[in-house]
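A short write-up of the structure that comes next.
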Amino acid sequence: MPRRGETAVVPIDAASGERGGQERPKSERHRSHGPGHHGRHGPGHQHRSRPPPPPPPVFRPFRRWFPFLVPLFIVANIVLFVLTMYINDCPAHARAAGAAIGGSVGESATAQGCWLAPELGRFAFQSFKENPLVGPSSATLLKMGALETSKVTKDHEGWRLITCIWLHAGVIHILANMLSLVLIGIRLEKEFGFMRIGTLYVISGVGGSLLSSLFMVSNISVGASGALFGLLGSMLSELITNWTIYENKIAALMTLVMIIVINLAVGILPHVDNFAHLGGFTSGFFLGFVLLMRPQFGYINQKNSPLGYPMGVTKRKFKIYQIILFVIALVILISGFTVGLVLLFQGFNASEHCSWCHYLSCVPTSKWSCKAPSNYCMSSQLGNQLNLTCQSTGKAATYVLSNPNNTEAIRNLCVGLCS
């Protein structure tokens with residue numbers, strides 16, 4: 001997006017017409033006297049030609065940063081995903097569950113429990129029925145720090161609001177998010193530096209987690225989508241607050257709004273947590289007014305003018321509307337996060353008080369249903385006999401366990417029954 005300040009700024013003296021306000025020496029002004037004049041050395045003397053002056057340095061009003069934090073974030077996300085798959089160890093858990101169940105049912109659970117087990121070993125993925133994003137089990141994600149509202153409200157594990165933004169549910173999930181982070185995050189870090197973009201990324205991610213935990217009470221949430229939408233929101237507010245330094249303003253605004261609308265529209269599909277997207281986008285939008293405000297162009301020109309050059313009326317560093325937007329955004333951020341955290345730790349369920357809000361995350365059509373697949377089962381046990389009923393589908397089945405105390409085996413049976 002071109003800025004007016006990216007061109008060279010070289011002062012010109014109006015009186016002499018020379019750059020930098022310097023008058024040409026008298027000897028240079030009278031050096032040429034016409035074709036018949038050869039100077040005091042005579043016509044046979046050849047003058048040495050003076051080398052041309054070096055071109056003035058290009059003046060850039062805003063510093064350019066070397067991006068290292070966003071690539072570090074990408075590496076951290078990938079390392080954590082690999083670590084999650086290592087801890088998941090699908091083949092070992094499937095064998096243990098199959099042995100606990102016993103019989104033909106146990107052998108079937110062992111054989112069908114993992115995907116690509118011969119090729120990947122302990123890094124094998126859960127079955128596609130359990131995790132269509134090609135990744136670990138929900139139990140492993142919870143162990144690693146995934147967000148579940150009950151863990152935050154009842155067990156006081158508020159740290160999950162932060163840890164969940166570094167975890168991903170599968171290979172497809174992490175590839176999509178990291179590609180978006182490369183395209184958006186590196187550009188922003190080049191322009192605004194690692195401190196501002198790092199702060200914006202984390203706070204936006206927490207904002208997405210907070211709104212998700214208030215509306216999606218029964219779901220497990222992981223992923224950097226909230227933080228990524230925060231970066232998109234900050235790009236919009238940065239364009240608004242720094243409006244005067246941009247060229248082609250309307251075209252830039254329309255392009256950015258179109259990108260944001262398309263990405264938010266994807267969130268109405270099933271199995272996508274659009275509340276995390278909306279929370280991250282809103283947080284990033286207001287953070288952009290606070291963290292990404294630029295000094296106005298006239299102030300930069302005056303600050304970098306050469307000594308002795310007339311500067312005229314002293315310019316303010318920021319425009320009045322920038323300061324007003326800064327104050328309003330800061331107040332909204334502080335009050336919004338405070339109210340949201342208080343409601344969360346009080347066990348407030350926002351979906352119960354808003355009958356239409358669920359349409360913000362999923363719109364049901366004839367092609368899909370918005371009912372989230374639930375792997376929760378009602379169980380009753382008598383000795384080694386286990387009766388399971390899937391809450392989401394109503395299916396029921398009876399199993400005989402060789403080890404009735406193996407919770408991992410019971411969980412796998414519930415997953416298979418609900419799939």
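Backbone N, Cα and C define each Cβ position, glycine as well.
Just so you know, TrEMBL annotations are computer predictions that nobody has curated.
Annotated in TrEMBL:
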- 1-56: region 'Disordered' (REGION)
- 27-50: compositional bias 'Basic residues' (COMPBIAS)
- 65-87: transmembrane segment (TRANSMEM)
- 156-293: domain 'Peptidase S54 rhomboid' (DOMAIN)
- 165-186: transmembrane segment (TRANSMEM)
- 198-217: transmembrane segment (TRANSMEM)
- 223-243: transmembrane segment (TRANSMEM)
- 250-269: transmembrane segment (TRANSMEM)
- 275-293: transmembrane segment (TRANSMEM)
- 323-345: transmembrane segment (TRANSMEM)
- Item | Contact between the transmembrane segment (198-217) and the transmembrane segment (250-269) (3 or more Cβ pairs under 8 Å, separation 6+) | no
Given the transmembrane segment (275-293), its same-chain partners at Cβ distance under 8 Å and 6+ residues beyond its ends are 192, 196, 199-200, 203-212, 214-216, 221, 223, 225-238, 240-242, 260, 263-264, 267, 318, 322, 325-326, 328-330, 332-333, 336, 360-361
For the transmembrane segment (250-269), the candidate among 165-186, 223-243, 323-345 having the most Cβ pairs under 8 Å is 223-243
Across the domain 'Peptidase S54 rhomboid' (156-293), DSSP yields 107 helix, 3 strand, 28 coil
Whole-number mean pLDDT, the domain 'Peptidase S54 rhomboid' (156-293), equals 90
